[in-house]
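Accompanying notes for the structure given below.
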């Protein structure tokens with residue numbers, strides 16, 4: 001065993017912040033999510049709306065990355081990206097994904113899984129025009145997203161060139177290859193760290209249109 005692994009094996013914390021019982025949670029998992037999410041916002045955490053998005057290709061190879069939550073209703077959880085990105089390719093082949101919100105200072109995490117669909121085009125357009133101008137420009141030049149590029153300097157040059165080209169444009173059209181996705185949840189898991197690794201885990205599963213609550217082994 002290497003020294004690094006040996007050192008890591010000694011690193012651990014005891015979770016003491018809270019507890020989670022069936023009698024404390026909402027019957028609707030989205031309401032429970034909003035309660036925890038608003039708590040994270042009120043705690044002034046750094047980007048509590050950041051979430052890990054896990055997708056998988058048709059062959060089963062997983063990919064995970066951090067994206068930003070841009071809408072949350074009972075209908076689903078929204079994020080925006082380049083449709084030609086790896087996540088877009090995965091979702092075209094296998095339209096199921098999971099989100100993970102992790103708030104370490106609260107010793108909490110939430111998993112949300114389900115089917116993913118594209119957001120209506122007008123909603124994507126409306127959101128695109130709310131973005132800062134330079135972020136709109138960046139969406140144009142970062143394509144295909146995850147594609148290889150020779151250097152940072154070339155990326156910066158393309159950005160500056162497009163800035164100059166559209167300087168006189170009052171409004172930029174949304175690129176056709178860019179827009180939103182909505183994860184329509186059929187599964188939630190709420191995790192609260194507890195002492196001695198006896199963590200609280202409560203899951204909600206959607207069965208025949210109804211949410212069923214279960215406690216999971218830690």
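Glycine is treated like the rest: Cβ placed from N, Cα and C.
For the FMN site, Swiss-Prot lists 65, 66, 67, 68, 69, 70, 80, 81, 87, 109, 145, 146, 191; matching the candidates 131, 133, 158, 201 against that entry yields 201. Considering other CB atoms within 10 Å as the measure, the emptiest surroundings among the binding-site residues 14, 145 are those of 14. Residue 131 (substrate binding site) has 80 as its nearest neighbour among the binding-site residues 65, 67, 80, 191, going by CA to CA distance. The binding-site residues 12, 14, 70, 197 include none with a CA atom within 10 A of the CA of residue 191 (FMN binding site).
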